[in-house]
Amino acid sequence: MSSVVYGLVVSSAEMVSVYPYCRGTVGLADRFVDPALGFAMGWNAWFHWGIVIPSQIAAATSLIKYWHPSPQLSWAVPSVFIVLTSGSVFGARIYGELESVFAMIKLFAVVVLVGVAIMFDSKDVAHNRNPFRFWNPPFAQYLDIPGAKGRFLGFCAVFVQAAISFFGTEIPSIIAGELKDAPRVIYPVAKRLWVRLSIIYFIAVFVAGTLVPREVLKAQTEHINPDDPNSPENDAPWASSPFLTALHRAGSSYNWIANLCIACFITSAASAASTEVFLSARYLYFLAKAGHAPAFFGAVWPDTQEARRKGAVVPWVGVLTTVAFATMSWLCVRPGENTESEMEKTFLQIESMTTSACLQAWVGTLFTYIRFWWGTRHPKNRRDYGREIERIKENRAWGQPFWAIYSFTVCSAILIFNGWSLFNQKNAVWVIYYSGEQSGFSNDQVLKFITTYAPIPIFILALFGYKLICQTTMRRAMDMNFSGVAYVEGSTPVEVKPESLWGRVWWTLVK
């Protein structure tokens, strides 16, 4: 999945590095494909980043119940996080400083968890060296289906989860208009972000597989008695964490590490909620400036050149509209219990809609790039915009457009088949999946099917509805306008890469 995301990152960064002030992917789609696609992509992205905010707050609330399931505490947590998400009202500069602090906390958590995992894996309970004793082949048998079929289905099941882990890698392309010296920094920053995420995810997933046997996690997530908060097989979100499970199995002497990790996880949820508010507000601003939303969504404060130079401009209407979603988190609170309430389960099902919505955003961005690349190859454009196209090629990754085509194909396949597990062949008829010997459809599975695939027809309706009402047409390659590209200022100091090996590693992973 990392290779798929690489194609997305280099494609979006190439476009935004030369058009950093074009209103993100909304403006790029308007300019190089069709205003209808920009309309559909913009509202799809706002929905994706907005609807997941209460889910993040609900997740943090559930994690705090790990310490003390107090009714007062449970009701206080959502309000705390709603206040925390208001960090977006201070502008991009303050937001960036806050996220830097959150990033260091998350990096600290990863280092601690990986270190604990290596320590636990190196020795067993008898202090004998026995590394990889819990390591199994990477392809597990899905639903205990034997043979290659079960392993293939297991691979497909985690493929969607892997895609979810990389959601947000397009953020540098969204905030390009608020960055200083964006034409120079966007492309290398986007690539470094991809490298860091890929390395961290690979290490974390690898060590997680060495902590506890699969059978232990499976037993803890079978929900034998989900309504009993004292049951070890409950719906609590920490029950399926291999790191916390290993710490609990190690004994009470490691409780302080578990508590530290829970605190870091809660901070991570807070950071995610803050980021989602920031991005959703920007998409509303983009839509308003492109004429795809009411103009008042484009209101900013303070609207001065000095504020814009300092990165202190805030699209306050978009921020307030998006923060309103956070109030939905109060609906998921059921005081005094460690199990998930029905509303929390509903949020998890609604969150499955964001998977399809984000994949649609990726597909739309990659399609926009393919059209963009094709326009740069057209003889008429090479004649009329030769200097601009040469500037565009400065940040073109090796292998384009094949990276974009590859990522577009894989993302489209995941989007179509991400709900494949809802289907099962029973009595030679493909039906919505239901387990056991139930005689009818499971309500949960039907709801999951709807939430998984609903964003697709909604996106199509928005796309073709806009085309029908506004009578727009797809821009031909020969009619694309490549004027107005941003050039790197000659007076801008160039960032010098360190020459030593460890210096380069530090520069790539941390700086």
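Here the Cβ of each residue, glycine as well, is placed from N, Cα and C on the backbone.
Unlike curated entries, TrEMBL annotations are predicted automatically.
Not measured: the values here are computed from a predicted model.
Some features that TrEMBL has for this protein:
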DOMAIN    3-473  domain 'Amino acid permease/ SLC12A'
TRANSMEM  46-66  transmembrane segment
TRANSMEM  73-95  transmembrane segment
TRANSMEM  101-120  transmembrane segment
TRANSMEM  193-212  transmembrane segment
TRANSMEM  256-277  transmembrane segment
TRANSMEM  313-333  transmembrane segment
TRANSMEM  353-374  transmembrane segment
TRANSMEM  403-423  transmembrane segment
TRANSMEM  450-470  transmembrane segment
Would you kindly check 101-120, 193-212, 256-277, 403-423 and say which stretch has the most C-beta pairs under 8 angstroms to the transmembrane segment (450-470)?
403-423
Pop the mean pLDDT for the domain 'Amino acid permease/ SLC12A' (3-473) in here, whole number is fine.
76
Would you say the transmembrane segment (256-277) and the transmembrane segment (46-66) are touching, if the rule is that at least three C-beta pairs must lie under 8 angstroms and be 6 or more residues apart?
yes
Taking 101-120, 256-277, 403-423 as candidates, which has the most Cβ pairs under 8 Å with the transmembrane segment (353-374)?
403-423
Same-chain residues at least 6 beyond the ends of the transmembrane segment (403-423) whose Cβ lies under 8 Å from its Cβ atoms:
3-8, 10-11, 153, 156-157, 159-160, 163, 355-356, 359-360, 362-363, 366-367, 369-370, 373, 397, 430-433, 445, 448-449, 452-453, 456
